[in-house]
Amino acid sequence: MAPKAQVTAASKRTATPPPKKKEVVPTPRPPEAAAKPAATKAVAPSEEKAPNLKGEWGNIALLCLLYTLQGIPLGLGQVFPLLLKDRGASYTDLGIFSLQSWPFVLKLFWAPLVDSVYIRQMGRRKTWMVPSQIVIGILMLYTASQLDVLLGDSTTTRPSTRTLTGLFLAINFLCATQDIAVDGWALTMLRKENCNYQATCNAAGQTFGYALGFTGFTALEHFKLLSLSGFMSSMGLLFLVVTAIVAILKKEKPLPPEEEPEGIRDAYMQMLRMTGLRPIQLLFVMLFTWKVPFAVCESVAPVKFQEYGIPKEHITYVTSLLMPMYIMIPIVAARWTGGARPLQLAFSVYPLRLATGPLTAILAFYTPASVSPIPWIFYTLLVFVIAAAATTSELMFVSQMAFFAHVSDPALGGTYMTLLNTMGNLGGRWPPTAAFFLVDVLSCESESCWMKMDGFYTVTFLCTIIGLIWLVCTRKMIEDLQSRKLQEWKVAHTA
């Protein structure tokens, strides 16, 4: 139920590896997105310049706009589970729909292709960005025209969950491709001394886009200003208009011969050699398992509260209140993530985040039968638990990103960070998908059941036990990861 599932489901995140001798503050990302590659190369201290945005504000605005477009489908992807549940979808159906965000997890597999193949006359990044955004706009217009059929109603027809999943899967595949292209374009669009602002544009743009797609639509619908089909049609047209303007008016800088991308085979071989490093293997085990205990809290809980009578508009309003906190937390957390042991912060807040799971289940159990008049005590406790989950989740993310930046091999540029971020995103996406399926499997509420039980509480209990076991069993692994020398993280070390 933590907003990470909605705000950060979540889950697409970005981090740009810092140049040598210079630390950067990680910036927040919305949930359902995946973190991004960053190909900044280390430069000699004598070549470093202080950031100077004079003449860059147009580029900053364009990047924020492109990242905003990217966030809109992510926000809409979190609205649909609430709509589907209203129309009788099962938790298994919601588990199927959650697969729509997986392209951001898997984009590592086609990122080298996007980086290496392009039409010179069109530009290295626009070759992929322009077609991707055009098709996204067309798909959103088509989906909007078919919504009445696809969503069905709660009495006569069931939602076409698989068709909706396929449409959003295609949209997010194209968004992930646009994501790769825009990330790379940002590093050449901005002057070298300003490249770190790519992450800031990414955070601000995606957060605003996500809020527009999730909270913005819900508010417009609540006040009967715009229907879902009207909103999606408007966003589809926005994609097409922005793409046309950028394609015609914004030119890419010519690519110098010495910066021509390496071959596709070489890029994939680099990633294969990285996976053979022992520290990378240990880190993958940690990242693949550490978010399992939070799966129910982040994904199933919002739908469960809606099932118990809490309006979806109230859930989105609470989420919106926490947006400013996502911006401030990385700045505050920077003092604890410097140095050689940035993961220590994540390990310190892990117990508190684990506690938000059972607290969420207790709140769900005592959900009032009616929200008229508004149960202020209940909502106060709900905001407190959501804020605790969101804060600890964001602190863990900042800690994770700081560790990635600390151990990444500068000689391999963005490829190294892409691999680490993909590992982190995979660990954040499979537990919610599994949780939706398990809640249905472990639920039995019919008269034929020898013991009635709600799978939501069963899975919450199991996740809490898994979290306690994880804390005990991985303490030495985390100490080992943080105590290894940087040389052990380099591919050259295996030679």
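Note: Cβ is positioned from N, Cα and C throughout, glycine not excepted.
TrEMBL: automatically predicted annotations, no manual curation.
Not measured: the values here are computed from a predicted model.
Annotated in TrEMBL:
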| type | residues | note |
| --- | --- | --- |
| REGION | 1-50 | region 'Disordered' |
| COMPBIAS | 32-45 | compositional bias 'Low complexity' |
| TRANSMEM | 128-147 | transmembrane segment |
| TRANSMEM | 167-187 | transmembrane segment |
| TRANSMEM | 226-249 | transmembrane segment |
| TRANSMEM | 280-303 | transmembrane segment |
| TRANSMEM | 315-333 | transmembrane segment |
| TRANSMEM | 345-367 | transmembrane segment |
| TRANSMEM | 373-391 | transmembrane segment |
| TRANSMEM | 455-473 | transmembrane segment |
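Beyond the transmembrane segment (345-367), the same-chain residues lying 6 or more positions past its ends with a Cβ under 8 Å from any Cβ of the stretch are 1-2, 290, 293-294, 296-297, 301, 304-305, 308-310, 333, 336-337, 378, 381-382, 385, 388-389, 391-393, 395-396, 398-400, 456-457, 460-461, 463-464, 467-468, 471, 475, 478. Taking Cβ pairs closer than 8 Å, the transmembrane segment (226-249) reaches residues 62, 65-66, 69, 72, 76, 79, 83, 126, 129-130, 133-134, 136-141, 143-145, 147-148, 213, 217, 220 in its own chain, all 6 or more past its ends.
Within its own chain, the transmembrane segment (455-473) is flanked in space by residues 91, 289-290, 292-297, 300-301, 304, 350-351, 354, 357-358, 360-361, 364-365, 435, 438-443, which lie at least six positions past its ends and keep a Cβ under 8 Å from the stretch. Through the fold, the transmembrane segment (280-303) approaches residues 1-2, 4-6, 9-10, 31, 81-82, 85, 91, 94, 98, 274, 315, 350, 353-354, 356-357, 360-361, 364, 389, 393, 400, 419-420, 423-424, 426-428, 430-432, 434-436, 439, 456, 459-460, 463-464, 466-467, 470, 474, 477-478, 480-481, 489 of its own chain, all at least 6 residues removed from its boundaries and within a Cβ separation under 8 Å.
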